[in-house]
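Let me begin by presenting the structure, written as structure tokens, before commenting on it.
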Amino acid sequence: AAAASESGRGGRAGCLGRVVPVGSRAEPSGTEPNRTGPGAAHGAGMVLQEAAGAPSLSTAAGGGADATAEVQLSRLRWAVLLLFSSYSLCNAFQWIQYGSINNVFMRFYDVNTFAIDWLSMSYMLIYIPLLFPVAWLLDKRGLRLIALAGSALNAMGAWVKLGSLKPHLFPVTVLGQVICALAQVFILGMPSRIASVWFGSHEVSTACSIAVFGNQLGIAAGFLVPPVLIPNVEDVEKLAYNISVMFFMTAGVASALFILVIIVFKEKPLNPPSRAQASMQSRATAEYSYVQSILRLLHNANFLLLMVTYGLNVGCFYALSTLLNRMVIHHYPGEEVNAGRIGLTIILSGMVGALISGIWLDKTKTYKQTTLVVYIMSLVGMIVYTFTLSLGHLWVVFVTAGSLGFFMTGYLPLGFEFAAELTYPESEGTSSGLLNVSAQIFGIAFTIGQGQIMDCFGTKAGNLLLCSFLFLGTIMTAFIKADLRRQQANLENEQT
């Protein structure tokens, strides 16, 4: 049997280490007998090897019966993940770069607050009708085409904005922002898909967290950099020069990232990285119906509950981010830079929360419990932030905003990964796309509603609106059942 297993490899040892065919009982050298768990190899230069009972890729696709699917991790996965996180960062920066200095752009373009708010809300509005065609493209054409389209549109929008450096050219900056919003449609649904296609079962949640991490880092930069590069000066010519510096820097970075995507970004690794992914790839393309997939998702009660609760939480985050400058300036006039720093604090603490959440999920697989605890703490953080914003002490706002961000932003990868578990073997791009549509719808509603309430009744009333919806989301999260289908598929294949 050992000889047959050895000859069955047919010399298919990859450049990164020995490969074990799916279903083989052969053990990697240096491991304990009969050990088939995902931690079989972790040393430098070694490849994680997983025995899987999933059908052969080529056999399922109609190939010969002798063809064998193999489970193997590729080192290129980290380069792909880093590159995606980088151009996602650049796109997120362009989303919030206007809102973080709302008052400065209002004066430069001579428009009202609502017009500047719509520069941020355009990201949310455009995503809603375009989700389904882009998710269909992701399923039919794969990751590389979507990555190329997203990074190209992101660079194009950045260059268009350079044509809006005069006060009367506000429509041009709107056009540039709309193009960047189109790019976002090709970006937001990819973290869980990249994690599943490129990463093993023991690291998929961490990878998803890192992918979301890049987007959050971009928002953090969007809060920090614009107030520093564009101080609130009276001279319009000086203001135009400062804006041009920021736009040129953004366009240069976006263009460089687009070139790197062309060179580095690959469709998928040579071999599936996990048993669950091998099983999904074994499905013949002709058997897959995108419409039927969406219908199955919309008949999944647990996923529908998650979709609404995710939208409530992330919609509150979008509204808070868009209106943060207005809130802080209202209570602390002239503190544009500190308003940006408070936003930075929210995002940085949230990035730590997201990373910890991903690692915790990979270790414990407690998706329901972790999601519920983080949701409750987001509600508590929002309540504390609401009642401390007007105390007159900026350092208190920094502390409470950071605590809020740790949980509210840390929730983002939890939602993606929980959805992937609840909906397996449906496409991660479709499930995460539906989550994002829910977030965009609630984000627009909350931003408009909170903005109007703030104008009429003050910031505390606006924030209490968000608190009430977070409370509703917490109650709904408690009713989601932990139907972890992806974990069950991994377990069953390992037992087979």
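Note that Cβ sites are derived from N, Cα and C of the backbone, with glycine treated the same way.
For reference, TrEMBL has these:
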{"type": "DOMAIN", "residues": "80-485", "note": "domain 'Major facilitator superfamily (MFS) profile'"}
{"type": "REGION", "residues": "1-40", "note": "region 'Disordered'"}
{"type": "TRANSMEM", "residues": "78-98", "note": "transmembrane segment"}
{"type": "TRANSMEM", "residues": "118-138", "note": "transmembrane segment"}
{"type": "TRANSMEM", "residues": "145-162", "note": "transmembrane segment"}
{"type": "TRANSMEM", "residues": "168-189", "note": "transmembrane segment"}
{"type": "TRANSMEM", "residues": "210-229", "note": "transmembrane segment"}
{"type": "TRANSMEM", "residues": "241-265", "note": "transmembrane segment"}
{"type": "TRANSMEM", "residues": "303-321", "note": "transmembrane segment"}
{"type": "TRANSMEM", "residues": "341-360", "note": "transmembrane segment"}
{"type": "TRANSMEM", "residues": "372-388", "note": "transmembrane segment"}
{"type": "TRANSMEM", "residues": "394-412", "note": "transmembrane segment"}
{"type": "TRANSMEM", "residues": "433-449", "note": "transmembrane segment"}
{"type": "TRANSMEM", "residues": "461-480", "note": "transmembrane segment"}
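Summarising model confidence by region, the domain 'Major facilitator superfamily (MFS) profile' (80-485) averages a pLDDT of 86. With a threshold of 8 Å between CB atoms, the same-chain residues lying at least 6 positions outside the transmembrane segment (241-265) that come near it are 79-80, 83-84, 86-87, 90, 93-94, 97, 108, 143-144, 147-148, 151-152, 154-155, 157-159, 161-162, 165, 225-226, 229-231, 233. Spatially, the transmembrane segment (78-98) is not adjacent to the transmembrane segment (372-388); fewer than three Cβ-Cβ distances between them are under 8 Å for residues at least 6 apart in sequence. A contact links the transmembrane segment (394-412) to the transmembrane segment (341-360), because at least 3 Cβ pairs that are 6 or more residues apart lie under 8 A.
Ranking 118-138, 210-229, 341-360 by CB pairs under 8 A with the transmembrane segment (168-189) puts 118-138 at the top. Counted as Cβ pairs under 8 Å, contacts with the transmembrane segment (341-360) are highest for 210-229 among 145-162, 210-229, 461-480.
If you look at the transmembrane segment (433-449), the same-chain residues 6 or more away from its ends with a CB under 8 A from one of its CBs are 117, 120-121, 123-125, 127-128, 131-132, 134-135, 188-189, 294, 297, 303, 306-308, 310-312, 314-319, 322-323, 415-416, 419, 465-466, 469.
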